[in-house]
Amino acid sequence: MKTVYQKFWPLLLLLLLLGLCQVRGQYEHYLDSLRSNELYEFVEDSGSIQYLAKGNSEQALLQLEQPISFYGEKYEQIFINTNGILTFNVEFAEYLNQPFPLEYPSIAAFYSNVDTSNSGDDSSISLFETHDPDSLNRAQQLVRYAYSDWTDFEARQLIVATWRNVGYFNSKTDRLNTFQVALIVGDSQTFVQFIYPQGGLNWLQGEAGELGLPDIRAQAGFVAEDGRYYNLNGSGSENARFLSESTNLGVAGVWLFQVAPLNPGENVLAPNNLETRTESPALAQSCNGNGHQCDSHAQCYDKSEGYCCVCEPGYYGNGRSCLANDLPMRVTGTLTGQLNGQAVDEEAKLQSYVVTTDARTYTTINPVSAEQAAQLRLVLPLLTTVGWLFAKSINGAANGYELTGGRYEHISRIQYETGELLLINQTFEGLNYWDQLSVKIELSGAVPRVSPSATLHLPDYTEEYRFVRPGELQSLQSHQLELVEEQRVIGFQVDQRIVYQSCLRDDDADPTDRSVLQKVSKIALDFFERDQALRTSAVSKIGVDAESNACTDGSVQCGDNAVCVPYEDTYRCDCRHGYAAQLDERGAELCIDLDECALGSHVCDENALCSNNDGGFSCVCLEGYEGNGYRCLRNNSADNIEYSTPSEPPVDSSQGYPTEEDQQQQQARPQEPNHEQSGEHVDYPPNQGNGQHLDECYSCSPDADCYEGRCGCREGFSGDGYSCVNICGHDEVFEHGRCVPILLDEHEVEPRCNILGDCTCPEGYELSEESRTCRYAGGYDVDNSEDLLPCDVDSNCHINARCSWWEHQLRHICTCNEGYSGDGYNCDPIEESCAIKPDICDTHATCSYSDQLGKSECVCERGYTGDGHRCQLAPECDGAEQCGENAHCDGGVCQCNEAYERDVSDRCVPTGRCGSVYCGSNAICKWDEALGVQFCDCIDGYQGDALAGCLSIPIPCNLRNNCGIHATCEPTEDPANYTCQCNAGYRGDGYVCIEEQNCLNNPTLCDMNAKCHSTNSGLVCVCNPGFYGNGSVCFERQQHDSNFLIVSQGVVIVRVPLNGRDVQPIKVASMAIGLDKDCVEGRVYWGDISAKKIISAKYDGTDERIFISTDIESPEGIAIDVISRRLYWTDSVKDTIEVASLDDPTLRAVIINKQLVNPRGIAVDPYREKLYWSDWDRSNPKIEYSDLDGTGRELLLGADAVKLPNSLVVLEHSGELCYADAGTKKVECISAQSRQIRTISQELSYPFGLTFTQDQFYWTDWTTKKLESVDSAGVRQKPIQTPFFGSHKMYGMTAVEQNCPQYQSQCQINNGGCTDARLCLVNRKAPSGKSCKCTSASASCTVATPYAIVTPRK
């Protein structure tokens, strides 16, 4: 029967394939008529289309005409985001490196780190809505065909998002992707079509950030608002690249899903038309049908039944997963179960780092208690399984990863001689999204108890693994663990079973009953109580044999100049011949070269010079002698003396015997003058006393110096030391680190002297008698240039030279340009780096490293053009469009049109106009740098209202006694000027003075709960303890709950006691990022970037109130000044910093709206009256500060100190600003006065929110998903694991303490007395200690809109 089957099998397969081709051909023919694999294109006048700006975190909003259904919800807004994803009702522009499900309802066509910053004109990201009949009919017919229960479907609307020729992070364009997603909308139905054109998917992930995890490979699928999600085949893995070749519809690269209507709990539905199911079982089990299941670095091989994957050379694995050779690997795992009757701490995590080059494994388990860590040291499989996976192969044996690809079950049973029994089940799940190997470990049983402080030693051992069958290994091994201090051992037996999916090709041998030996050595078992960490390490070799030893199996690496020698049952490292052992400062043994010449152990002739070298020595006959150095005879011909050995072999560098190579090297050396015969004395430097060094020195260029036998060109020359070229032109000389012109007069320059003291001067100069300087001699010879026609007659200069007039030669001569050297007729670039000599750059250029050139180069600054060595002002404009409104380009310069003039802000405005007003007589328009606004000001010698007109300043009172009564004429800060000033106790302008009312002579000025106090600023009313206010009005301070944290989890705000227990959600939000508390009223305020509001509630979540809901886009940062009763916030869409009164939110103002890119964190220091904020601009991150009214803006930290600054907090006692930086992975503090920075904690994961209370810092971490903390001494505390009521991320946070500031401010009560709907903001620099800021409701001043049209973006 078997023979008959084999005979007819090819025929049956052929018939099956013919039938398949017929069905598929018919089906594809119909779908071809629908053009299902073609991208939808926008048809003019059929709807609206918008394009995303170039970048890596852009987004655009489509406001739908009619709501559409998605899962069980209806949505009116769709955002298209750069990173290959559509989101409903909320933008998602920033790429987050995390697996599905994401936090928002979304459709991911190819969610990945897209970056179009440097993409060409053919690259675009677009979103359009169309009612084009042809497009609707095409989509409608596709749905009707694919779904048998929707044959009467009517398409009402088509929404299409297209990513065309997009690159990847970081601004890479060498590979481009094209893909599209179309939403086909009916009356209540929604279908989603993905289109991946052939050849359209060429990259899967962006470049990994510095020290960061690699990007997850592209993900495709759906996420519902209730948490349901669906991934397409291959999503998040290497197989995502096959989305353009696979399908659920029958046409490669085309996928269709029904996303509404769906029943509760139901997920998206694939097509159910039976004609779409065309894949045969036989085809699915072949490389042709399923070869994409192999790793991208593997080849697929068909076999009689199925197929196998085999890794390519340079990679190892089982073919389904292949890793690059020698690439370090990480393993991450979780632990559950119980050990010795106690539950294993589920917070404990296993982390392994494998140095695959030498198969050394470092494993850490933490956090664990001292007692549990002590017991875990006895669980051997936990410590060595990873070593088996990545063991170094000896004699071609396969390690664990080559067999399993990282997916297998490892079951272990440990029986201790003291009676305890432990079962261990380890499930290795393969590589996770970040290419780390993932494992789940379950423990059950007991181990002997040992002291946490006990030193354990596990000797090197060899274990045998036997193949029970393909895909199953077993091992049974006995071990003895030594307790060093107790001088006893614990014996135990380990029974291991490894089960995995094996794939044998037809020509592979069955491994059943075959055995392989693994050697494990250099085992360390340590516990570090401070870190609550168990740390182990070991080296593993697979494929060793019984004859292997430490020197042959690769487990030993002796140091330099040493060899491994087997010794009894171990080894020793012996120094090579010519070296001797010596201990370094750490006690380690090094092999140091023996100086046979100094020790007298050489065999050189008495008329030879002994020269020591590594591992040996050389002999060179002295002057007047010849020979091989071991025998030297007097030479009668002094002219033939040379420092080379004859044909007899010289000394071997390692054994003291001659070698042919050394002989050739010696014979190749040049001859040396006979100083002995001439009577000249040669003073040999101490470290250059051998003939080799002198030989080299006499080979140097005259323009080079010799040091320790090495030639190096002197300053002013370039080359290898044997040939040196002057880097300066003919009319220049090198002095003081640069080329300077030669002054054709008595100008003196320094001579150039060689090692023998011979000095020369540049052409045209002669050496002084004392040989110390070079003086101009009145002539100059330029390489016989007189024989050439002048360059102004014959244009014979090199392309990198210029024709210049030489007065002393009375002719034009070619001179190399700056940056080149030569005679002017041949000029070569000076290979000189501006990193070493920055002076070669123009004053308007900077020295920058070029990856393309591989060296530093001079680059002209912005606004200048040139080669960096010479820079000149670049044209201001090429056309009128570059000059702005009311201006035109004239000869590269922007000029204002007729009837317009350029104001101080460099804009062309109607003549006489200043912003929105016209200045009065005797006034001019000026620019306020701090506030970024124009204003009218009186000209010198005039004063008054600059809008109405300025009047001349009256004659000073010292010239004309015109002061009023109760006033005197006093000098001003300028002693030359005088002014009338009211006497003490009176106020006025000096011409009319009335008696001051103060709380001392009029106690009714103070509130009944306040007292009159004398301060540096005069007599003031101060509220009594327990009250707050400005002294004129005092309110009783209410007592509120305290000693807890309030943390945003995005969609939920939670209250976290400092002990981490009984965490309670207090409020639901759409997406809350930043928050802060008002300790006076006992309320928390948060900014909701999705609802576009600032909202408040009491600490327990009750009494919710909307604070601001208009003219606000993305309030990411919130900070409250409880003293002045003001709330500040950052808006990352409007790029503004704004403020409003807590008592009347209609009193609000924009205080900063210039030079902001992505403002995020914000903090206020009400005591020192400063405001701080962070800007998350990726190209130029920074932290700035200003006064509380936005004036006095200064940069605190720039891109050299911060990378991704998130939240900020001010320390009340010191005034330091502390910040969490997700880029540097640190929490640091800085003093604004001294600019001193101190690091609080470093090597963090991804810190975001930050607060401080009770001498302890707390921060939220996106990676650990915990509230991390450190005390003021820098000691890490146990993190708080909060339950997640919303998204799995924590954002802003604040600490609620018992104390609440009881200071006063000018703006605390009654808006500081400001009128005309202006907002009072504290500013000590102002005469009144405050500024009354204009608002949009102010009648007497105009507030410019910070932006014309809000374009939502990240």
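Just so you know, glycine gets a Cβ as well, placed from its N, Cα and C.
These numbers come from a predicted model, not from an experiment.
Of the listed residues C963, C993, C999, C963 is the one TrEMBL pairs with C980, by disulfide bond. Take the candidates C827, C858; TrEMBL pairs C841 in a disulfide bond with C858. The cysteine that TrEMBL pairs with C814 in a disulfide, picked from C797, C834, C847, is C797. With a cut-off of 8 Å between Cβ atoms, the residues of this chain six or more beyond the repeat 'LDL-receptor class B' (1082-1124) that come close are 89-90, 1038, 1040-1041, 1046, 1048, 1053, 1055, 1065-1067, 1069-1076, 1130-1134, 1140, 1142, 1145, 1148, 1159-1164, 1166-1167, 1171, 1173-1174, 1188, 1207-1208, 1292, 1294, 1296, 1300-1301, 1303-1308, 1320-1322, 1350, 1352. Only residues 6 or more beyond the boundaries of the repeat 'LDL-receptor class B' (1125-1168), in the same chain, are considered here, and those with a CB under 8 A from a CB of the stretch are 932, 1074, 1076, 1078, 1080-1081, 1085, 1087, 1089, 1094, 1107-1108, 1112-1119, 1174-1177, 1179-1180, 1186, 1188-1190, 1193, 1205-1210, 1212, 1215, 1217, 1219-1220, 1250, 1301, 1303, 1305, 1307-1308, 1311, 1317-1319, 1321, 1333-1335, 1337, 1343, 1346-1347, 1350, 1352-1354. Per-residue pLDDT, averaged along the repeat 'LDL-receptor class B' (1125-1168), amounts to 93 for this model. Summarised by DSSP class, the composition of the repeat 'LDL-receptor class B' (1125-1168) is 0 helix, 24 strand, 20 coil.
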